[in-house]
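First the structure, in the form of structure tokens, and then the observations on it.
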Ligand SMILES: C[S@@+](CC[C@H](N)C(=O)[O-])C[C@H]1O[C@@H](n2cnc3c(N)ncnc32)[C@H](O)[C@@H]1O
């Protein structure tokens with residue numbers, strides 16, 4: 001309470017704060033003066049007013065508004081006050097003679113009709129201190145008031161409700177005819193302030209300076225202190241003892257005859273005295289000087305704590321005082337001063353009778369208690385585990401936890417809920433599981449026993465009977481973890497559109513990932529299908545995504561269905577079709593038939609028939625393959641064929657095959673292969689920076705086909721993913737992939753292409769445009785019909801008809817939307833500050849804005865949002 005209340009947003013945004021803002025007052029306190037003036041009407045008749053402690057100037061504004069024109073208004077404050085029309089201000093401390101001189105200089109011989117004082121000391125630490133300073137400030141302002149007030153004048157001052165309040169009122173009553181204390185409605189109830197309106201200044205010829213001297217005015221209250229010291233008020237002393245921070249200052253020096261600061265009393269006074277609390281409140285030390293006192297000192301009940309407490313009473317807390325009082329009672333009992341001993345004996349006897357209890361009953365009670373404790377412990381653990389699980393799920397939902405962390409947490413839980421990642425016990429268990437512990441410990445049975453014991457202890461009630469059980473438990477947890485992860489992915493997918501986009505991108509990236517150039521035989525090979533991450537995987541991914549894309553962009557891909565397959569080729573070229581495997585077989589056949597080498601791979605054709613390869617028949621001239629017996633064999637197309645063969649079966653044997661029915665089917669399905677191929681290239685071309693870069697490298701002879709083939713055998717190509725958890729695979733997909741070369745030029749070229757694509761109107765825009773056009777047409781037709789109707793009427797003159805038709809046609813031709821009216825924004829500052837109604841020179845719709853209010857509204861919204869978020873979590 002003692003602290004100066006911080007004006008938080010909540011407190012500030014009250015009715016008067018808003019009103020002050022609206023009306024342009026600098027402080028909400030302006031309304032206090034308005035309300036006081038409404039009640040006592042002192043401003044309207046005043047011709048000179050002094051406002052002491054006037055910053056920022058709210059009261060001055062009010063005075064300037066309510067006082068007659070040409071009246072004098074002077075404001076003083078420690079801090080400078082921004083200028084106010086008709087008001088003179090200066091910065092000074094009202095408690096100093098300098099302020100008095102300044103006022104005198106300003107007013108000359110003028111007397112003030114009103115002196116206002118709304119001062120509050122700028123300390124704001126301890127309430128008592130504040131209240132006293134404020135009372136002193138009031139007295140100082142009164143001192144100035146009596147000097148400058150005209151007879152019959154009014155002094156308005158703020159006073160805090162405190163012990164000094166009555167003294168002040170008494171002084172006011174000596175100097176003024178009418179003194180009234182009031183609390184205007186705008187003064188917050190929580191505030192201890194009261195306003196005292198002193199009217200009808202008596203203007204005595206001479207005033208006893210004691211009336212205006214704080215040492216005399218507040219003497220009566222200060223004089224209470226010695227009384228306390230003398231132990232006259234037990235309650236106050238008690239307050240002194242238990243609330244030392246609230247002690248009043250000795251404004252009038254020390255108690256009579258007591259001129260020392262340090263006061264030592266004898267233990268006898270404390271023990272045998274009637275008011276031990278008063279003793280504790282006044283003394284600094286309890287001394288053991290007499291024979292008897294020394295005996296007490298030597299007694300067991302006088303513990304070292306008690307002795308230390310007696311040394312310095314001023315540093316003791318409540319607990320210490322209590323123990324001193326207990327000690328006093330004990331000594332008094334010893335001395336027979338209190339007759340509690342007897343009572344205690346009686347009590348002890350009673351206890352002895354009660355102690356005759358049945359032993360069996362005790363044991364069963366003990367057992368019950370232990371059972372109850374165990375049950376409670378189990379329950380607690382279960383609850384804790386559940387809480388942990390819930391929290392983990394929440395954290396996953398908030399993306400605060402990586403699935404890896406959850407795994408660890410869950411596993412830890414399974415192993416006792418306390419082990420951490422680097423717990424050696426955990427390692428030991430792991431080793432034990434794999435039989436490694438035996439190897440480590442050898443035949444040292446002791447060590448094993450010890451660790452087992454530890455394990456049992458760690459598991460704390462969740463004793464795992466066997467290795468199998470433990471494994472089962474871990475497996476179960478892993479399965480649960482996988483389930484959780486899948487659910488998490490699912491939720492993400494449902495909620496997060498961004499995630500969907502990322503997933504799509506990832507799928508596409510995977511489809512296009514460079515996984516080496518491999519033979520199609522890999523897919524034919526049964527065991528090969530097990531090996532993911534190579535060509536097969538790429539094909540599968542392509543199929544999956546192609547499926548999706550087909551459904552989205554049917555019109556685009558319909559013509560390209562099942563046209564080609566191969567290494568690194570444009571999106572959509574490969575379609576999932578039942579005849580896929582047969583086509584593969586056919587492809588191999590084709591490639592192996594020398595005559596058909598040109599059409600051996602649709603994908604290769606697509607790839608190399610792009611502009612970038614035009615005129616490049618000798619891409620791999622450096623590379624002399626054994627089957628390169630023709631000019632074409634050295635071409636890129638041939639390179640592709642070679643690539644297939646190179647990764648074929650181990651024996652690297654090319655088996656020529658006869659053209660079969662399947663081949664016919666292929667041709668029958670794709671009559672205009674070339675056209676489709678060209679369309680595909682036009683549509684997709686090289687569309688990842690990696691492919692463009694590789695193409696560039698081939699063109700620039702920076703790489704060769706052999707090089708590419710060799711690069712295909714890398715650490716990423718033969719990864720077995722069997723049995724790996726899905727979250728791990730997801731992570732791998734993100735980070736464990738080859739880093740393919742990308743050139744700056746390739747990226748620029750692709751960006752340009754993308755920009756060109758983006759510039760095309762999308763379907764929705766086209767639809768919206770068509771809708772707009774259709775509506776415009778409808779409007780026009782309607783207008784025409786109405787115009788015809790108007791034309792047909794007979795009860796209108798030709799001129800009227802023309803006017804009406806023109807109006808209708810104008811409406812029909814319009815966009816159908818009403819033009820939005822502009823709202824003029826007027827900032828409530830400068831000339832616009834505090835005005836009511838329409839600001840000058842503003843026509844049409846307008847809105848008054850206030851930067852401060854906007855900030856506060858924003859802050860309010862921000863806080864509400866934060867609160868809501870907190871509630872959610
Ligand atoms: C509550 S504000 C006054 C508000 C003012 N009535 C208004 O409406 O704008 C209290 C003011 O008292 C001033 N004050 C405190 N001690 C002072 C002193 N010794 N001399 C002059 N001004 C003082 C502070 O600087 C502070 O501006």
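Just so it is clear, glycine is given a Cβ too, placed from its N, Cα and C backbone atoms.
Please treat TrEMBL annotations as automatic predictions, because they have not gone through curation.
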388-425, 616-653, 654-691 - the range that TrEMBL marks as region 'Disordered': 616-653
Record-annotated S-adenosyl-L-methionine site (TrEMBL): member among 14, 77 besides 57, 59, 93, 118: 77
Correct range for coiled coil (source TrEMBL, candidates 308-335, 336-363, 364-391, 560-587): 364-391
Residue, out of the recorded positions 57, 59, 77, 118, 158, whose Cβ gathers the largest set of other Cβ atoms within 10 Å: 59
In three-state DSSP terms, the structure that residue 77 (S-adenosyl-L-methionine binding site) belongs to: strand
Distance from residue 118 (S-adenosyl-L-methionine binding site) back to residue 158 (active site, proton acceptor), taken between C-alpha atoms, in Å: 5
Chain-internal residues, separated by at least six, CB under 8 A from residue 93 (S-adenosyl-L-methionine binding site): 78, 99
Recorded S-adenosyl-L-methionine binding residues, 57, 59, 77, 93, 118 - maximal Cα separation rounded to whole Å: 18
